[in-house]
Every structure is written in C-alpha cells, then in structure tokens.
C-alpha cells in the first residue's frame, strides 16, 4: 500500500479468471485463444481487403474499416492480461496500468457504439435516398464523422481515471475480471463514490444510450422506406444489406447493457454469470463481426476470393 497525502491507494490490483474453474484455466484458454486469433486475423483481413479493393472505397466500407480497427483495439487491450492469467497465473496489475487499460477499454467501447450508429445512418441514407447517398456521405464527411467519434470518446471519458485516483482504497484489491472495468474498480473503494456513479451513468446514457436510441430510430425509418417499395424482391434486397449490421448491434449492445446493470445493481448475481457476460461483451463482438460481414457481404467475399486466387497463382 502507498500512503499519498490524505488517502490510500493500492500499488496493484489482483485480477480474477473464471470463479471456481481456476484449475482448468489452461484448458479454458484454448477457446479464448481461438476467439482472439479470429478477432485479430479476421479484422486484419477486412482492413486488407477494403484497402486493396477500389470498388470497396465507399462510405459503408469506410465505416466497416473503423469498426475493424476498433475491434482490433478491444481485442489487444484485454489479450495480454487475460491470456497472462490463464497461461501463467499472472494476477497482479499495477494501479496506473489498470487505470490505463480501463480508459482504453471504455474509449474503444464508446467508439464502437458510435461507429455502429454511423453505419446505421449510412444504411438509412443508402436505402431512403440512394441517389443522394454519394453527395451526403462524401469521403471528407466520413473522415469528419470518424474524428468526431474518437474525440467524443476521449473527452467524455477523460475525467474517469482522475475520479478513480481521488478515491481511498482500503482492504479489497481483487477485481472481478481479467481486465480493468470502471464499476469494478470503483466498487473496491471505501470512500463516497456517488460522483463516480453519477458521472458514469450520465456518460453512459448520453453516449451509448443515445447511440442505441438513434440506431433504433434509423431502422424505424428504414422499415418505413422498405414498406413503401413495390416488390418483395426489392424489400428483401434492401433489408439484406442491414442483416450484418443488426447482428453486430445486438452482439455489442446486449452484453454491454447486461454487464453495466450487473455491476451497478446485480449484487446477488453469481460471479460466474458476471464473468461470462463480461467476456461475451469484450471478446465475442471483435471475433464475430468480421465473420458476419465476410459471410453476408458479397463484395467482401468476392474480393477475398480474388485475393486468394492471386496468391495461389
């Protein structure tokens, strides 16, 4: 423990793996390795294909590139501590290192939420105003949207590490996961955490919450447009372009909301459930998103097959 003025801070926290299954961590690491490998390779392939294929240089795939970069960041943020714990039982993480990891995990989560909203807006414009789509979402507009998304995440979350550093920690140092999460660290403090709780909820509702509301509104408008189409084939073709995005939204938002609710209100929830929801939130979306888009996007699938044929030739 380090005495710093009028309060105490731990020099490090202790991370937890999967409660009750500590002896099986080396075996449990196998599916985790597969998920991380899928996330890293899948998102790198998506970025490579989009960069090398001129026909994919359009807003939909620019936003998909942003999603892939964000998913890579999320996977790389949790990979060292998770596999370090499963493989070598390295549980200790320094206080400042924990705050740094937490900051980047939350920033990337907020960025992913905003990118999913931008993709929903892109689908709305492409379906409702197809002739105006290139004029509305130009390359410079997409770049400005990307910069605004990153700045919003960085600025809104900047106070969080400082709010955690001002707290007094006394006694408990065990985190609930193999990574650092704001509510998890906050609940280890023995000081008044009302400011942390209030600010965390306000930021969550005003960013991720609003993103989800606008995504739902976008799809309501998309469905109104699709309902006005004359033939069934046109309806199915329009909706088919949204399937991957809808899956990505559900895979990201459902576990994120579940984990936030568990940390704030689920004191009686079994630790195993808390752990599984956390891993689902941070590891499953980066692994599944490139797979879903590769399967559903004909353009990406064809570009990937062309790249493989060139390599074989």
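Using N, Cα and C of the backbone, Cβ positions are placed for all residues, glycine too.
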Choose the correct range: of 170-196, 197-223, which one does TrEMBL annotate as transmembrane segment? Give that range.
197-223
Tell me whether the transmembrane segment (197-223) sits in contact with the transmembrane segment (100-121), defined here as at least 3 Cβ pairs under 8 Å among residues 6 or more apart in sequence.
yes
Considering only Cβ pairs within less than 8 angstroms, which of the stretches 100-121, 142-164, 235-256, 276-295 has the most against the transmembrane segment (24-50)?
276-295
Tertiary contacts of the transmembrane segment (235-256), as residues 6+ beyond its ends and Cβ separation under 8 Å:
67, 109, 112-113, 116, 119-120, 123, 126-127, 208, 212, 215, 219, 222, 225-227, 229, 277-278, 280-281, 284-285, 288-289, 292-293, 295-297
Determine whether the transmembrane segment (142-164) and the transmembrane segment (276-295) share at least three Cβ pairs under 8 Å, counting only pairs 6 or more apart in sequence.
no
Could you please provide the mean pLDDT value for the domain 'G-protein coupled receptors family 1 profile' (42-293)?
91
